[in-house]
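Since the structure comes first, as structure tokens, the remarks are kept for the end.
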Amino acid sequence: MVLANKLDRNLRAAEESSDGEDYYEVTDRSSSASVIEADEGGNVISSDDDMSDASDHDDDKIKAQMSKVSFGALAKAQDALSSKQSVDRKRKRGDDTSKSQEDKLEALRERLRQIKAEKLANGTQPSKKAKKSKTKTKTTQDDNVEEKEDSDSDAAPHARSSKHAPAVQSSKRMVSRKRNVVEVKKPVFRDPRFDNVSGPRPEDYVVEKRYSFLKDYRASEIAELRNTIKKTKNEGEKEQLKKKLLSMESQQKARENKERLQDVTREHKKKEKELVKEGKKPFFLKKSEQKKIALVDRFQNMKAKQRDKVIERRRKKVTAKERKNMPDERRTA
């Protein structure tokens, strides 16, 4: 008789839920202790021989069980194993590469921030090479957004694109924090003498006649200024007083020219009114004609020496103007 009529050994197929792989596991439910039995003659059969026979018998059973498994099931199990191994490898590689790329990008961003801070402290603009390096480091869209936010936060407000570009000023205006709950009319100070409410505005020559005493006051002021210039010994003060005297004299001349033009227009209006009464059409003088008549009147009222001085001064002024408009080649020749 064999060591055991029945060895409690079975083949059990177990399917893993993680990868869908079919495999078979051999489980031994018998006790590990060896059993010694005697044959019909009373001879003791060795346990080693029995174990070898049992193992051969088990191998035969396993082969018979495996022969019943279809090739399709084996192919599916092999594909599942290979796909799982490839996914695991990709995950490991992806984790390593993503971590290394993130570390490199973070180091580059930190370096760029340091360069920006140094350049802003020195008051210089970033160079074109730095801008090119920035564009190279922008690999993904997320990195672009982060770098734009960093540049906006680090950049100075209203910074120029280059030193030759015009200064940029924002068109936005800050809203005032003060709020007028009750609107009050702003007080307006007015002079009734020059306001239309008190009547029509008088003509200029009428105003000048009313305030004619100002002419005498200005003339006396100019005379006093000339005396002070003669008495002062300090050169700096003398130069300032001379400038003041020159401006006052030029203002007086401008007033005289204006009065002369007003006189010309007044006389012309009187003549035209008389002609209109006779039935003729009115004729209005141009500005240029008014200036010509005023200039003729001015030269007629001058003395001979004064007239020569004015003509010589005017000639020099005209020649200087012509020389200024002349080309450089003719001017130096």
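Cβ atoms are placed via backbone N, Cα and C, with glycine included.
Within the model, the coiled coil (92-122) carries an average pLDDT of 81. Per Swiss-Prot, coiled coil is recorded for 92-122 (among others), and the stated evidence type is sequence analysis.
Residues or ranges marked as coiled coil by Swiss-Prot: 219-281 (among others).
According to Swiss-Prot, the feature compositional bias 'Basic and acidic residues' maps to 1-15 (among others).
Residues or ranges marked as compositional bias 'Acidic residues' in Swiss-Prot: 16-25 (among others).
For 54-63 (among others), the entry in Swiss-Prot reads compositional bias 'Basic and acidic residues'.
Residues annotated as compositional bias 'Basic and acidic residues' in Swiss-Prot: 93-119 (among others).
Residues annotated as compositional bias 'Basic residues' in Swiss-Prot: 128-137.
Annotation source Swiss-Prot lists compositional bias 'Acidic residues' at 143-153 (among others).
The compositional bias 'Basic and acidic residues' annotation in Swiss-Prot covers 252-275 (among others).
Long-range neighbours of the compositional bias 'Basic and acidic residues' (319-333) within the same chain, counting only residues 6 or more positions beyond its ends whose Cβ lies under 8 Å from a Cβ of the stretch, are absent. The annotation compositional bias 'Basic and acidic residues' is assigned in Swiss-Prot to 319-333 (among others).
Annotation source Swiss-Prot lists region 'Disordered' at 1-179 (among others).
Sequence annotations record features per position, and here Swiss-Prot assigns region 'Disordered' to 249-275 (among others).
The region 'Disordered' feature in Swiss-Prot is assigned to 304-333 (among others). In the region 'Disordered' (304-333), the DSSP tally of helix, strand and coil residues is 27 helix, 0 strand, 3 coil.
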